[in-house]
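These come from Swiss-Prot:
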DOMAIN    11-98  domain 'Phosphagen kinase N-terminal'
DOMAIN    125-367  domain 'Phosphagen kinase C-terminal'
BINDING   Ser128, Ser129, Arg130, Val131, Arg132, His191, Arg236, Arg292, Arg320, Gly321, Thr322, Gly323, Gly324, Val325  ATP binding site
MOD_RES   Ser164  phosphoserine
MOD_RES   Thr166  phosphothreonine
MOD_RES   Ser178  phosphoserine
MOD_RES   Thr180  phosphothreonine
MOD_RES   Ser199  phosphoserine
MOD_RES   Thr313  phosphothreonine
MOD_RES   Thr322  phosphothreonine
MOD_RES   Ser372  phosphoserine
Amino acid sequence: MPFGNTHNKYKLNYKSEEEYPDLSKHNNHMAKVLTPDLYKKLRDKETPSGFTLDDVIQTGVDNPGHPFIMTVGCVAGDEESYTVFKDLFDPIIQDRHGGFKPTDKHKTDLNHENLKGGDDLDPHYVLSSRVRTGRSIKGYTLPPHCSRGERRAVEKLSVEALNSLTGEFKGKYYPLKSMTEQEQQQLIDDHFLFDKPVSPLLLASGMARDWPDARGIWHNDNKSFLVWVNEEDHLRVISMEKGGNMKEVFRRFCVGLQKIEEIFKKAGHPFMWNEHLGYVLTCPSNLGTGLRGGVHVKLAHLSKHPKFEEILTRLRLQKRGTGGVDTAAVGSVFDISNADRLGSSEVEQVQLVVDGVKLMVEMEKKLEKGQSIDDMIPAQK
């Protein structure tokens, strides 16, 4: 799929209604918000780095969405996108993040000691635990918009920072372009590496340009702390391990992430953050904490229960298939994670996962014995 809004200035030769995209068959947040009037109002605006409204919406125009899955349908190209195009982004953010208003403030809490429990999820059911987030480096444009030189500068800065980590975080960087096909596939299968850029969302937004130039993965020596460089975000920071010790996974996540943040600050490149949106990331769905705390959990009986979906909704959790977004569950193993990102803290979001998964495992055990779980259905969180 070709990408390029290089003729944005040229588009202004045509009337706004002649350029307005056909969104009649679309089911995404952008299409819900973008009226012809709003398009007209914003189409000649651009951010200081030159990102325009057409750049913001292209991925949502090319990917109408799914009848049952509401995609976001837009991206930011730089930190200023959320301000310059706030008339589009604010209603999308409010819709996507449970009514989070333009006046609301986000809260951050990376003190792992505030998490209660989490070290006792039953490993017979909980096969692995992971926490991830994204970070954007101030002073650079985001992946949908950055140039080759800029992307390489982000990689250089990131590798220098990561290579200075010590102790349990000591590790090594592996650039994508020097990996063999086999090495890449092995890392993807082990859930360590991002997939090749075949996702239409990635392609249509321009994030896959120049692939695999300046992309790579850094991980510590025992592969429990990983950083992806220059995929959908400048950095994706991941803490993971087999089994159900979410407490330890979250501790390593918080400690490692704060170490990295400190190094970037000292280098004069703090992460993009503001008190309204929290951590600023490429996709509006990740604003706030950018955090997804997830477990792979085996729920052979509960997943067939008529109230499974309702239970997840009430616990503020979401399910994905075993291989992540848009994949099926293999052997009744689901990827269960927090549904929220914005308006609540990292600790609160992981707490919901820990408490919710614990309850679902108890339910699964009851159903195995042929007992009813009706008295265990939780109230809406």
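Using the three backbone atoms N, Cα and C, a Cβ is placed for every residue, glycine included.
Within 10 Å of the C-beta of Ser128 (ATP binding site) we count 18 further C-beta atoms, all protein chains included.
Taking CA atoms as the reference points, Arg132 (ATP binding site) and Ser199 (phosphoserine) are 20 Å apart. According to DSSP, Ser199 (phosphoserine) is assigned to coil rather than to any helix or strand. Across the fold, the C-alpha of Thr313 (phosphothreonine) and the C-alpha of Arg130 (ATP binding site) stand 21 Å from each other. On the 0 to 100 pLDDT scale, the model's mean across the domain 'Phosphagen kinase N-terminal' (11-98) is 95.
Take the Cα of Thr166 (phosphothreonine) and measure to each of the recorded positions Ser128, Arg130, Ser178, Ser199, Ser372: the nearest one is Arg130. Counting residue by residue with DSSP, the domain 'Phosphagen kinase N-terminal' (11-98) contains 42 helix, 4 strand, 42 coil. Applying an 8 A CB threshold to same-chain residues 6+ apart, the list for Ser164 (phosphoserine) reads Ile263. Thr313 (phosphothreonine) carries a helical DSSP state (H, G or I). Ranked by CA distance from Arg320 (ATP binding site), the modified residues Thr180, Ser199, Ser372 have Ser199 at the top as the closest. Spacing of Ser372 (phosphoserine) relative to Arg236 (ATP binding site) is 41 Å (Cα to Cα, whole number). Ser199 (phosphoserine) is 17 Å away from Arg236 (ATP binding site) when you measure Cα to Cα.
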